[in-house]
Amino acid sequence: MEQDSKQYVAEAAGPHMEEEADLEARDPESNSLSQPLLKRNRTLSFNPLAIVGTKVSHIESLDYEINENDLFKQDWRSRSRVQVLQYVFLKWTLACLVGLLTGIIATLINLAVENIAGYKLLAVVALIEKERYFMGFIYFTAANFLLTMVAAVLCVCFAPTAAGPGIPEIKAYLNGVDTPNMFGATTLIVKIIGSIGAVSAGLDLGKEGPLVHIGSCIASLLGQGGPDNYRIKWRWLRYFNNDRDRRDLITCGASSGVCAAFRSPVGGVLFALEEVATWWRSALLWRTFFSTAIVVVVLRAFIEICNAGECGLFGKGGLIMFDVSNVPVRYHAADIIPVVVIGLIGGILGSLYNHVLHKVLRLYNLINQKGRIHKLLLSLGVSIFTSVCLYCLPFLAACTPCDSSLPDSVCPTNGRSGNYKQFNCPKGYYNDLATLLLTTNDDAVRNIFSTNTPSEYNPVSLLIFFAVYCVLGLFTFGIAVPSGLFLPIILMGSAYGRLLGMAMGSYTSIDQGLFAVLGAASLMAGSMRMTVSLCVIFLELTNNLLLLPITMIVLLISKTVGDTFNPSIYEIILELKGLPFLDANPEPWMRNLTVGELADAKPPVVTLHGVEKVSRVVEVLRNTTHNGFPVVDDGVVPPVGLAVGATELHGLILRTHLLQVLKKKWFLTEKRRTEEWEVKEKFTWVDLAEREGKIEEVAVTRDEMEMYVDLHPLTNTTPYTVVESMSVAKAMVLFRSVGLRHMLIVPKYQAAGVPPVVGILTRQDLRAYNILSAFPHLARSKSREKH
């Protein structure tokens, strides 16, 4: 397994290494694109490994499809009205708890970050005032080093899946990919502590992405009754022992995380709808909105407490609120030019940022695969480099005299908050670069968004700030600490937005602070390719509805320009990690291929009979890794008018259900179908919800091998099927829209001797890379289309 993991990480590092690995392996199951293949020798193969967090893991799909077997139908018919009301009530109760806990934890993280970073900066400023510059540098660097070490050690040693933002893995999970250990209790604890340590250490990352992951972890733990080892066996929670309801809860958790990060309830719901969730319906919309509403209530309550001075250095700043409503917004015809320019710059810089970050992450993959020590050293090295930049660069900026209209308590200030940091300047002067660098990331955004301050920042200082955060943003994301992309991108975008506002000068009536807001929005749209949710988030974040028209124009232009160069940053990360995410839009060349041809490129389908011998079931489970098997019956007496002795496709049975049959020893001494009471006596629908177990853990005696088992009651009699003549593009849209794990391919012609099922399609079979590996002529036609 270790050897496979190393090979996989090498594949993620680049196509050249991938081709070399294929040539060395000489595996007939994975032919390179350049090798000619005959139709019958094609093999549609795939690698079941992917990087989850920073760890290579075995990947499985999730069972979002309703398994309509006899037990499910009997349970659904027998449910009383009280049980249905219990189920609905518990859904809303869990949605409320998700919002409540996410809001509380987000507030605690904000308070911890602001106070830790605040006291650290106060101590550094006190040393600078005494002109003990070297001691200030040592203290600043050592404090950041220790905070980063805490976050990195926890991620590297205890929860590798807590590293990074977690949003790509959440997207993959909601798309149908089981991401192992992504939502556990250990991951949640490490994510909380690691986020506090990494953000308060001054690293160029935000806590917004981790908050989305934290909300999802809370939702998952509530839905399954707690951690695996200490799970609550509450009777009501049995309703949520399935992948579908867990998916809905995690969607609520992701929405709550965004709301807690930006105090944006509607933006949180739209973020889940636009960026994270693959499957959506109106009932889920109501519950996610309810969860975000609870988050806002919790945040509002804590803001009132903080305004009373009960939050230490957190003070009256609120929970990430960058208010720019104190300036009037007026538009003129000439203002459309700078707005369009900001959108163009955002799209170009966003796509360039994605491209370079992709290269950096591939390099980091090579470093991380060397072991824990290398991961830790990489994180600590980035921390030292960040500390040197943040502390030393303000010395390059000249001191600026304070505006005479400002009171002495406002300018300069080295206190808890404020736009004018004195740093090494004499009394009555401030250092504009220190105002942006020697502060927390949230305060830096507030400072650069500040309105009615046209002469506060020097253009050279803004250029240095923009360059430094571009470099730090590229080097910081990907290290083994919890990290988010939102705030670094906001800081970079606001810098060039404010610079453009300075350049326009008297040619526009838009305030420089509003230009900074538009610049941040443009870079986020150019990198993350979000529009609707991002627009609402910025409007709720800045509390200025008048920005709506120009914000919409900027976002649309930035996304359009960015899409012409490369995919969004999250799509790049998903591809780099190897997570089998199914995109909404199939490739054009998929319309030239049928699902029957895909089935022909796979090994023959493994089927079971409705009443099967135990030895056959054990043999199939031991010799295959498939998770679903078609169940067929021979010699069935069909309805009147059809040929006698037809072959019936009864349905599809899951691997886990076969394991349950073997564990419970539900065997028959003779080959017959069971009665309904016999099934109820041995199984409940709760038993069929279990997903754990391996065939190696099941002991079957020699005498039991000669017995029989009736698979009819446990078989899903309504699997999704497609005709073998259907195009792969159409099948992929159906597969993704419904959230399937298996799709049966049935023959186009029904005749004697024709099997009722010719193949099974899974998620990996529909991935473009895997298809092109088996059909190289499609790769050549794809290349011709590009030319």
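The backbone N, Cα and C atoms fix where each Cβ goes, and this holds for glycine too.
For 1-33, the entry in TrEMBL reads region 'Disordered'.
Taken from TrEMBL, the feature transmembrane segment applies to 87-113 (among others).
Taken from TrEMBL, the feature transmembrane segment covers 133-159 (among others).
Annotated transmembrane segment per TrEMBL: 284-303 (among others), in sequence order.
Here the transmembrane segment (336-356) has Cβ contacts under 8 Å with residues 470, 473-474, 489, 492-493, 496-497, 500-501, 504, 507-508, 510, 515, 518-519, 521-528, 550, 553-562, 564-569, 572 of the same chain, all six or more residues outside its ends. According to TrEMBL, the feature transmembrane segment maps to 336-356 (among others).
Residues 124, 136-137, 140-141, 144-145, 148-149, 151-153, 156, 201-204, 364, 367-368, 423-424, 431-434, 437-438, 458, 460-461, 464, 468, 471-472, 475-476, 479-481 of the same chain sit 6 or more residues outside the transmembrane segment (376-397) yet have a Cβ under 8 Å from a Cβ within it. The transmembrane segment annotation in TrEMBL covers 376-397 (among others).
Taken from TrEMBL, the feature transmembrane segment covers 462-492 (among others).
With a cut-off of 8 Å between Cβ atoms, the residues of this chain six or more beyond the transmembrane segment (545-562) that come close are 324, 328-329, 331, 335-336, 339-340, 342-344, 346-348, 350-351, 354, 510, 514, 517-518, 521-523, 525-527, 529-531, 534-535, 538-539, 568. The annotation transmembrane segment is assigned in TrEMBL to 545-562 (among others).
Residues annotated as domain 'CBS' in TrEMBL: 601-670 (among others).
Across the residues of the domain 'CBS' (715-780), the predicted structure has a mean pLDDT of 89. Taken from TrEMBL, the feature domain 'CBS' applies to 715-780 (among others).
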Below 8 Å between Cβ atoms, which of the listed ranges 133-159, 284-303, 462-492 makes the most pairs with the transmembrane segment (87-113)?
284-303
If we skip the immediate neighbours and take only residues 6+ beyond the ends of the transmembrane segment (284-303), which ones have a Cβ under 8 Å from one of its Cβ atoms?
91-92, 95-96, 98-100, 102-104, 106-107, 248, 251-253, 255-256, 258-260, 263, 265-266, 268-269, 272-273, 277, 311, 318-319
With DSSP, how much of the domain 'CBS' (715-780) is helix, how much strand and how much coil, in residues?
26 helix, 12 strand, 28 coil
